[in-house]
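Note sheet for the following structure.
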Amino acid sequence: MLFLWLYMFYSCAGSCAGLTTRGSPAPSRAAPPLPPLLPGELGEESSLEEQRSAPDAGSPISSFFNGSGTKRLPQAIIIGVKKGGTRALLEFLRVHPDVRAVGAEPHFFDRNYERGLAWYRDLMPRTLEGQITMEKTPSYFVTKEAPARISSMSKGTKLIVVVRDPVTRAISDYTQTLSKKPDIPTFESLTFKNRTTGLIDTSWSAIQIGIYAKHLENWLLYFPIGQILFVSGERLISDPAGELGRVQDFLGLKRIITDKHFYFNKTKGFPCLKKAEGSSKPHCLGKTKGRTHPDIDQEVVQRLRDFYRPFNMKFYQMTGQDFGWD
């Protein structure tokens, strides 16, 4: 009986399919639904095509095969500054169980904006409800178009800027370039348009990045000052737990990252994690961090301090913080 039943079932299935073919045309398959995005994830610049091409639907099947959670656009971004301590801050924050962050710098809002928000979102890690998605790209802070683009994505995005004594930052920037291009001119020759008159060359990016007040003015056209947290690169070294406490408060996170997570590496000269994200071993930043700076003519250093002083004072007034660079 069982074999007879199976024979009848498959015969019927084949004949029914044939009837459909010979009779009215078979109904076309419905197009697959667009991947769902969370409310407010796509800004005004998003198109239907962007949504359709979004590669990561948060369906149960997708979650089953690719890991639990949903890819979301970042709610917080470390926007700057280069050689300020952004990598250290990101690595420290990733210890927090409610922070999920991209390891590499996406450079979406400065170099890859034409790829669209769906492409950007696909770079993000999956997050569960209550977790924060983050990324860091230090060049955003000095990119003129970045504030408007981030605001277009979400006006509620929380922004973090890690700042450092602009003179020390410039020397660190130069040191990094020198390690890759040993034949570049000296720091002193690049600093001045005219060494005799002492005119600083503000077109040199190593100098230009440190004029923080100028760049901040651009961001304040799109974001209120209260939506931007300014982290001291110096205090991130001397008191990492204290600065991380401020960051956790700003992000609305429970203060989980504390003194117990850090130890000071005397060789490198900055704090390291006792246990990195997903590891039970101590972790220090790579060999590219903590390079020894070349000796710079102290007269040049003083000229730079004099140059930056009025910009620093304005920056202190704008942020309500004295970073003690003078």
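Note: Cβ is positioned from N, Cα and C throughout, glycine not excepted.
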Residue among CYS16, CYS272 that, according to TrEMBL, closes a disulfide with CYS284: CYS272
Alpha-carbon spacing, GLY85 (3'-phosphoadenylyl sulfate binding site) to CYS284 (disulfide bond), which is rounded to whole Å: 13
Neighbouring C-beta atoms (10 Å sphere around the C-beta of GLY85 (3'-phosphoadenylyl sulfate binding site)): 28
Chain-internal residues, separated by at least six, CB under 8 A from LYS83 (3'-phosphoadenylyl sulfate binding site): PRO138, ARG164, ARG169, SER172, ASP173, GLN176
Rounded Cα separation (Å) that holds between THR292 (3'-phosphoadenylyl sulfate binding site) and CYS272 (disulfide bond): 18
Neighbour tally for CYS284 (disulfide bond), based on other Cβ positions within 10 Å of its Cβ: 18
Spatial separation of ARG87 (3'-phosphoadenylyl sulfate binding site) from CYS272 (disulfide bond) - C-alpha basis, Å: 12
